[in-house]
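Single-structure report; data block below.
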Amino acid sequence: MPALACLRRLCRHLSPQAVLFLLFVFCLFSVFVSAYYLYGWNRGLEPSADASESDCGDPPPVAPSRLLPIKPVQAVAPSRTDPLVLVFVESLYSQLGQEVVAILESSRFKYRTEIAPGKGDMPTLTDKGRGRFALIIYENILKYVNLDAWNRELLDKYCVAYGVGIIGFFKANENSLLSAQLKGFPLFLHSNLGLKDCSINPKSPLLYVTRPSEVEKGVLPGEDWTVFQSNHSTYEPVLLAKTRSSESIPHLGADAGLHAALHATVVQDLGLHDGIQRVLFGNNLNFWLHKLVFVDAVAFLTGKRLSLPLDRYILVDIDDIFVGKEGTRMKVEDVKALFDTQNELRTHIPNFTFNLGYSGKFFHTGTDAEDAGDDLLLSYVKEFWWFPHMWSHMQPHLFHNQSVLAEQMALNKKFAVEHGIPTDMGYAVAPHHSGVYPVHVQLYEAWKQVWNIRVTSTEEYPHLKPARYRRGFIHNGIMVLPRQTCGLFTHTIFYNEYPGGSSELDKIINGGELFLTVLLNPISVFMTHLSNYGNDRLGLYTFKHLVRFLHSWTNLRLQTLPPVQLAQKYFQIFSEEKDPLWQDPCEDKRHKDIWSKEKTCDRFPKLLIIGPQKTGTTALYLFLGMHPDLSSNYPSSETFEEIQFFNGHNYHKGIDWYMEFFPIPSNTTSDFYFEKSANYFDSEVAPRRAAALLPKAKVLTILINPADRAYSWYQHQRAHDDPVALKYTFHEVITAGPDASSKLRALQNRCLVPGWYATHIERWLSAFHANQILVLDGKLLRTEPAKVMDTVQKFLGVTSTVDYHKTLAFDPKKGFWCQLLEGGKTKCLGKSKGRKYPEMDLDSRAFLKDYYRDHNIELSKLLYKMGQTLPTWLREDLQNTR
C-alpha cells in the first residue's frame, strides 16, 4: 500500500507530456521483450490434421525451446523387448512403406506392418511385462503426431518405459504448408524445397556404416524436400543440404547470404525433450543416402540389435571362361587389365581374387587375338581361383544318367590337369544353375564323385525375384550359396550401349541396387561373364567403381574368402538356412525350365491326412483307398503306410525320393493321390514344408477327445513294450513334474502335447487357407463312417462318388467298421487296431478334463472362425464345463 500511495503522488506531479513519454518507453520495452520471445524461435503452423487444408493463419507464439525442461532418456533395453519392428504404413501398397519393408527383409530383420491408425486401436505393445517391439517406424510422421490422445499417450509411455525409438518420414505435397511447426515439438519444417549438395554431419552419434567424409554434389531428386530447424539441444542434424535457388527460406532470416547455409534433411531427436529418441527424414527413400542413413538409424535406435557387422565378404565369379562367341572374348590386353585390376582391388579388399569358371571344350575357339588371350590367361593360372562348369556347357538336368554326367565332368577335369588349373577348390557352378534347385540328384552325386564338390551357388533359391529373398541351403553334403547379379549380363559389353544408357549402370553402382546388395548382405557372391571383361571391360569398370564408392561413403570392411571357407562363414551367420525348403517346381516357370522333363508334378499328392496319432487316421486311410479315383502312396519299408516326409529326416532326401512313393498318373484329371502321416499334425516344421511343395493340397485332420487320445497313446506304448510306459501308471505319466526323468517327460509330452488341438491347427492355418483344411469328428468316424466319408468326398471335389453305406460293414468282433467284400466277407485293419484295454481311472479323467479345458475352448473358437462344425465330443465337453 505505501508503494501504491507513492505512485499516486508521483503521477500528480507529472505533466501529461511526461506520462505519454513514460508510456512510450514502456511500450517500446514491451515490443523488444515480445520480439525476443516471438522471434527467438521462428514462427510456424502445426501440420495437424487440418493444416493441409489451409494456407493462411497467424502462427501462435512459441517460447524459446531452450526454456523447455529436459527429460532423461531411457537407455535401450535389449532384454526387455523382442527384436521386432512395428511399421505403420499408409496402405499395404504404398511405395515408401514397401521400400522400408524391403530394407528390413533384405537385412533379415523381423517386422510387422500395420495400417497407421488415425483413430482406433493401437496394436498390443507388451506381453507379460515384455515389450513386443524394439523399434517403431512411421511412413508418415504426421500420423504419429496427430494420433488421438489415448493412443499417443499409450505409445509414448511404451517408448519411454522400454527405451524404444521412432523413425518417421515427412513427405511434402502440394497442400503442405511452406513453413510450419511440428505439433507438440520444438521443431520447424520448411517444405516443398529443391535441394543440392548433400553432406553428412560428422558429429552425428547416429553414424555407424555411414562415413561422413564426402559431399554428394549435384541436385537431389525431387522438389518436395522438407528441411528441419530448431534451436533445442535435443535435435542433431544428420544430413544437410543447400537450397537450389538463391532465395532464402522464409523465417530463416533476410540475410542474402543465408541461402547458402546447410539445412537438415534428416534430423536426430536425442530424446532430451520428452525422453523418446527419434530420427526424422524430410523425404522418402528415393535418395540413396537416405537408405544408408536409415540403416544406421535402425541400428542406433535398437542399440545395434538390428544391425549387421561391418564386415562384408565379396566373391566375384566370372562364368563361361573360353565359352564366349568370337568378338566377345578377352584378348591379351583384356587379360592384363584383369590381372592389374585384381591387384588394384586388393588395396581395399585383402587378397581379392577373381574366381574363373571354365568349360574346357571351348578353349581356342575364338579369333587369333582371342586365342592368344586364352593362352595368356592360362599363363596366369596361379593368379586366379578356378572352378568348373560342364565340359560342353550343357545343362545338367538334361542328363538323366549319372554316369554320362560324370563323363562330361571328367573331360573338364582332364583339361584342367593338362593346363595346370587347380582341381581342389571344392566349388562348381552349373550352367544356367540347372540341377542345383530344383535338385537334380544325379548332378549332386556326380559332383561329389568327380570333383569332391562341397559348395555351389544359385540365383534360383527359393526364387530369382525378388533378389532379397534369395537364401542358401545344404543338400547331400553340398553347401548352396545365394548368388547375386550385378547389372551385367552376357550381352552388356559396351558402356555406351548399356540398356537405358550408361548413366543407368552408374546409378546401379553409386548408391543403387549393386551398392545396396553389398550394404544389406554380409556375404555376396556375384555372377559375371567372360564377355563382361572384353571390349569395354564393364566387369572391371563396375567393381572398381563399386569398391571406390563403398570406401568413400561407408565404414564397411571389405573382405574375401575362397568358396569353401566363404560357405562355412555363411552358414555360421545364417545357421537357420541349412535346411532346404522344397517347393513345387511347376509353380515357377524358371524352375520348371531347369527341371527334368522326365519328372511330373502330377505325381505329388493332392491330399494329406495329418493325424494326430490314435484318432482313426488308419481307418480313414483304408476308407479313402476304397474309392476308385483315390490312390494312396506306396508303403515304406521303414514306416509302413506312412511316408513321414515333411516332419523328419526323410525330408532331406529330396522331392525325387518323395515322388517315388506315387505312381506316374494314367489320367491326370481324375487320378487323386493322397498320403497319411499322423506325425504331421503336431510337427512345427511340417505345415510350412507341406505348403511349399503342395500349395494347393487339401488337408484332413481327425479329432477325438484329447484325454482319450492321450490314454490311447499310453496304451499303444505299453503294447509295444515301452519300458517307461510299463513302469509308470497313466496317472503318474500325465502328472509327472519338471524334475521327472527325461524319458518320462518325453512320454508325457507324446501323450499330452498332440492334444493341444487349437495350437497345432493354428500352425497349419498359417500355411494353408482355411478352406483347404477339413476337421473331422473322430467319434463320428467310428460310429457313422459312411456319413463322414460323404463329407470327405464333397470336400475333395472328386468327380465320382462312392456310396460308403454299401461298401462298409460293422464287424462286432473288431468293434469297428470294415470294408465289405464280395460274398459278405470283410477286410479289417490289422491286429494292432481296435485293442481292448481298461477304462481310464477317474482321477486321470478329472486331471485331463481340467488340463485340456482352455485348449478345448480355444478349439471351439477356432472352428467357429473356420466355419466348421464342432465335433460331438467337443460340444459335450463344453456343455459339461459350464
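Think of each number as a place in line: the chain as shown, counted from 1.
Glycine is no exception: its Cβ is also placed from the backbone N, Cα and C atoms.
Taken from Swiss-Prot, the feature active site, for sulfotransferase activity covers Lys614. In the shown protein chains, 22 other C-beta atoms lie within 10 A of the C-beta of Lys614 (active site, for sulfotransferase activity). Look at Lys614 (active site, for sulfotransferase activity): DSSP puts it in coil.
Among the features that Swiss-Prot reports, adenosine 3',5'-bisphosphate binding site is placed at Lys614, Thr615, Gly616, Thr617, Thr618, Ser712, Trp817, Lys833, Gly834, Arg835, Lys836, Tyr837, with the record citing similarity to another entry.
DSSP gives Cys828 (disulfide bond) a coil state; it is part of no helix or strand. Per Swiss-Prot, disulfide bond is recorded for Cys818-Cys828, and the stated evidence type is a curator's inference.
Here Swiss-Prot flags Asn231 (among others) as N-linked glycosylation site. According to its DSSP assignment, Asn231 (N-linked glycosylation site) is coil.
The Cβ of Asn351 (N-linked glycosylation site) lies under 8 Å from the Cβ of Thr560, each of which sits 6+ residues away along the same chain. If you look up Swiss-Prot, you'll see Asn351 (among others) marked as N-linked glycosylation site, on the strength of sequence analysis.
Around Asn401 (N-linked glycosylation site), a 10 Å sphere centred on its CB holds 10 further CB atoms from the protein chains shown. The N-linked glycosylation site annotation in Swiss-Prot covers Asn401 (among others).
For Asn667 (N-linked glycosylation site), no same-chain residue 6+ apart in sequence has a C-beta under 8 angstroms from its C-beta. Here Swiss-Prot flags Asn667 (among others) as N-linked glycosylation site, drawing on sequence analysis.
The annotation region 'Sufficient for localization to Golgi membrane' is assigned in Swiss-Prot to 1-169 on the grounds of similarity to another entry.
Along the region 'Heparan sulfate N-sulfotransferase 1' (599-882), the predicted structure has mean pLDDT 94. Among the features that Swiss-Prot reports, region 'Heparan sulfate N-sulfotransferase 1' is placed at 599-882.
According to Swiss-Prot, the feature topological domain 'Cytoplasmic' maps to 1-17, an assignment based on sequence analysis.
Summarising the annotation, Swiss-Prot assigns topological domain 'Lumenal' to 40-882 and lists sequence analysis as the type of evidence.
Residues or ranges marked as transmembrane segment in Swiss-Prot (evidence: sequence analysis): 18-39.
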Subject >> Rounded Cα separation (Å) that holds between Cys818 (disulfide bond) and Gly616 (adenosine 3',5'-bisphosphate binding site) >> reply: 13
**OP:** Specify the count of other C-beta atoms within 10 Å of the C-beta of Trp817 (adenosine 3',5'-bisphosphate binding site).
**Re:** 24
Original post:
In Å, rounded, how far does the Cα of Gly616 (adenosine 3',5'-bisphosphate binding site) sit from the Cα of Cys828 (disulfide bond)?
Top reply: 13
Original post:
Using Cα coordinates, what distance in whole Å links Lys614 (active site, for sulfotransferase activity) and Asn231 (N-linked glycosylation site)?
Top reply: 72
**OP:** Specify the count of other C-beta atoms within 10 Å of the C-beta of Cys828 (disulfide bond).
**Re:** 18
Original post:
Ranking the recorded positions Asn231, Thr618 by other Cβ atoms within 10 Å, which is at the bottom?
Top reply: Asn231
Subject >> Cys828 (disulfide bond) and Thr618 (adenosine 3',5'-bisphosphate binding site), distance between Cα atoms, whole Å >> reply: 11
Subject >> Same-chain residues at least 6 apart in sequence whose Cβ lies under 8 Å from Lys836 (adenosine 3',5'-bisphosphate binding site) >> reply: Gly815
